[in-house]
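Novice: Handing you a structure now.
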Amino acid sequence: MELENIVANTVLLKAREGGGGNRKGKSKKWRQMLQFPHISQCEELRLSLERDYHSLCERQPIGRLLFREFCATRPELTRCTAFLDGVSEYEVTPDEKRKACGRRLMQNFLSHTGPDLIPEVPRQLVSNCAQRLEQGPCKDLFQELTRLTHEYLSTAPFADYLDSIYFNRFLQWKWLERQPVTKNTFRQYRVLGKGGFGEVCACQVRATGKMYACKKLEKKRIKKRKGEAMALNEKQILEKVNSRFVVSLAYAYETKDALCLVLTLMNGGDLKFHIYHMGQAGFPEARAVFYAAEICCGLEDLHRERIVYRDLKPENILLDDHGHIRISDLGLAVHVPEGQTIKGRVGTVGYMAPEVVRNERYTFSPDWWALGCLLYEMIAGQSPFQQRKKKIKREEVERLVKEVAEEYTDRFSSQARSLCSQLLSKDPAERLGCRGGGAREVKEHPLFKKLNFKRLGAGMLEPPFKPDPQAIYCKDVLDIEQFSTVKGVDLEPTDQDFYQKFATGSVSIPWQNEMVETECFQELNVFGLDGSVPPDLDWKGQPTAPPKKGLLQRLFSRQDCCGNCSDSEEELPTRL
C-alpha cells in the first residue's frame, strides 16, 4: 500500500475516533463558534418564525427538548409528556410484553386512582382503550389519546411556551443554525469515491466534531452537462426527506469551484462490496431479510413524500458504523404529483422494471421491482437477470426483464422465493407494493413475520453484521480515478442565481440532531440559577461588547473566530 494511502487512512480513522482527546473532534474554539447571540438580535427571527406546534415542539429536535423543559416546570404538563413518552415506549415494546406495558399506562395516566392522570381525556375513550387492550394490544391502541394530548398541549400551553425563556433560547439556537456555511466550517479528509459531477470526501464539522461525507459538484462540469436541474432536484429532495433509512442532507454550500452537499457519512461500505468481496458471494437469508426490511422502510418514507427513487441497486445502499443501511444517491429520484403518473426511461440496466424499459407511465412500482432484484441478489449472490462479470448486451438484459421469469436455487427458502417472485411480477398491477397498500403489503409478507417494524424503525433491532471500526471500506486513494479538467466552459454572473438556490446553508433537523448527538446542546443549554433569566436572554439588557484589543494584539493575534474561520494549530491538514 502506498504511503499516501496509509497516511490518508490513518488521519481519517483518527478523526472518526474523535481525535483521541476530550473534545471528541471539536475545535478548541468550539464554544466561541457556537456562542449564543443576545436575544435582541433574534427579534426578526421571532417575528418571521411560523408558530406551528407540530414543527416547533415535535419535529425539530432542539425545539422538542426545549418544549419538554418548559413542560417540566408545570406538573399537569409533565404528566402529558410522560404519557406521550410512555406511548412511544409501548409502540416499540415486544409483542409478548405489550399488554403489561399498556396496563401500566392505563393505571398511571388514565385511571382516576392513578398518580399521573392526564387532563381533558373523554372517559368513554379511556373505557374503549381498556377493552381493546384486553382483547389484543395493537400498536396503535393509544393513537386517538395521543392526538388529543397533543391537541391540548398545542393550545394554552403552547401559547405560554412562546412567551417563555425556553422559546427565547430556541430562537438563539435557530439564529446559530442560520449562520452562513462555508468551506471553513469543515475539515476535509481523504477522497472516498466519485459522484457524477465530482469527488466525495470525508469531512468534519469544526465546531462539533461530527463526521460527514461531502459530495462536491464541480460548477463547470454541471454547466457543461446541463445538469443544473438534476443537481437542484437531488438537493431539494434530500432536504425534504427525514428518514432513518435515507442519507440526510445536513448542509449545502458553495466554494469558488464547486457546489457541496454535506451528507450522512456511512463508514461501513456499500452492499455491492459486501455481497461480492467479503467471502462467498451473497448473504445468509436472515441478513438479506434484515436489509430488505430496512430498505422497505426507506422506500416507505420516500413514497410518503410522493418521491419515487428509481435507482435502487447494491452500490446505492450504504452501511453505517452499526450495520444499519441507508439509501443514497437520489440523483434520479423525482416527485410524483398527487393523482398523476410520470414517465422516464431511467435507472440502471438489470434493475429497471419492465414498465420503465417499455417507457410506460408509472408511480412507485419501479422501486418495488428493484427491491425484488436486490433481495434476490443478496441471497443468490448474483442479479436475477445478468451474471456478474459476464458480458451481456443491454438489449438482451431488457428482453429477460420483460419476458423471462427469474430462476431460483436452493439458497432460497419458500418464503424468500415467494416474496421475490411477487416483487418481480412483470405486471405492475399484480406486483406486491402496488396493489393499493404500498409498503404495508410488503411488510405483511410472511418472510418478515419475526420482525417488529416499530422497533426496526426506532433503530432498536441489532443488525446481523457490524462493520470493523478500523476498516476503510472504499478504494485506495490512488485507485480512485481523478476527474479530468473541464475545458471550454466559463462561469458567468447569471449562473449565480442557480448557486444561490443551491447553497442554502444548514438543514434544520439534521443540524439540530448534530447539536444534540455531539452533546453541544447539553453543554451550552444552560439557564440562570433558580430559574433566573441569564443576561443573554434578558430583552431589557443590551449585548455585551467584546473587549477592545490593544495594538499589539491586533497586529500579532489571529482574527476573532466565528463559525466559519479556520482553526488553530490543533487542526489536521485539509488535503493529503
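Yeah, the Cβs are placed from backbone N, Cα and C, and that goes for glycine too.
Here's the feature list from Swiss-Prot:
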type	residues	note
REGION	1-185	region 'N-terminal'
DOMAIN	53-171	domain 'RGS'
DOMAIN	186-448	domain 'Protein kinase'
ACT_SITE	D311	active site, proton acceptor
DOMAIN	449-514	domain 'AGC-kinase C-terminal'
MOD_RES	S484	phosphoserine
MOD_RES	T485	phosphothreonine
LIPID	C561	S-palmitoyl cysteine
LIPID	C562	S-palmitoyl cysteine
LIPID	C565	S-palmitoyl cysteine
MOD_RES	S566	phosphoserine
MOD_RES	S568	phosphoserine
Novice: The residue listed as 'active site, proton acceptor' has how many other Cβ neighbours within 10 Å of its own Cβ?
Specialist: 22
Novice: Determine, from DSSP, whether the residue listed as 'active site, proton acceptor' sits in helix, strand or coil.
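Specialist: Going by the DSSP assignment, the residue listed as 'active site, proton acceptor' belongs to neither helix nor strand, so it counts as coil.
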Novice: Which residue counts does DSSP give the domain 'AGC-kinase C-terminal' (449-514) for helix, strand and coil?
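Specialist: Final tally across the stretch: 25 helix, 2 strand, 39 coil.
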